[in-house]
């Protein structure tokens, strides 16, 4: 009887999560975020590279940070986008302050749309003016490259320390750490999404569960996406050399769908299921 009740409750929970995902229009929001991300990706990268270039200690950190993101958050099949993005960011030295300012506006709009999607899922309202929100987004955009750059430098320092070098040198422990570390990075990223972006007081435990669900689904999607493109190269046959654009756009849509689904999971765990749906 206990097992039956467990499966029954799990079925109701999954059904309600699907219902909430549909009612909040997450599929449509994922579509909008995918297009916005595609448009804002280059501006975000250029702004980050420009800010990091002002600090001599961060020379070369931008490229390493970019490679870290591409290696962990994009399937191998869509990795050609990284090469195109690297070529585009090489033109950053030829941009004026005004051009960089407008690129920053595009990046701010992406941050605003992401925040609005999480706010809609959690049914929270902003209590500040729109101008204040964009000021907050601007501060985040301004400080994030330096914080991430500092984390990269700290990580490099730790990896080169004698203790970590000895641990990595161990036959099984070293390989285990190198295998687990990318998943931990992805898990922390998605947990922070669910903890910070809803503009509400979210318990860390609820954000952790949502981050864990998102991480598992994200990794499964990466594997399935790579397998699909390998054995069913439809986009490459149709679009040829231009296939990198629709392939990457589809991956962005899948990614945002999973991220928003994780946000719904966090919200359902935090707020529970209403009696009328039980």
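Just so it is clear, glycine is given a Cβ too, placed from its N, Cα and C backbone atoms.
Here Swiss-Prot flags 38-58 (among others) as transmembrane segment, drawing on sequence analysis.
As annotated by Swiss-Prot, transmembrane segment applies to 68-88 (among others).
The transmembrane segment annotation in Swiss-Prot covers 92-112 (among others).
For 134-154 (among others), the entry in Swiss-Prot reads transmembrane segment.
What Swiss-Prot records for 177-197 (among others) is transmembrane segment. Beyond the transmembrane segment (177-197), the same-chain residues lying 6 or more positions past its ends with a Cβ under 8 Å from any Cβ of the stretch are 68, 71-73, 114-115, 118-119, 167-168, 204, 206-208, 210-212, 214-215, 218-219, 259, 262-263, 266.
The transmembrane segment annotation in Swiss-Prot covers 207-227 (among others) and rests on sequence analysis.
The annotation transmembrane segment is assigned in Swiss-Prot to 244-264 (among others).
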Near the transmembrane segment (244-264), which same-chain residues lie under 8 Å Cβ to Cβ, leaving out any that are not at least 6 residues past its ends?
17, 20-21, 24, 26-27, 29-31, 33-35, 37-38, 73-75, 77-78, 80-81, 84, 117-118, 121-122, 190, 193-194, 197-198, 210-211, 213-214, 217-218, 221, 225, 229, 235-236
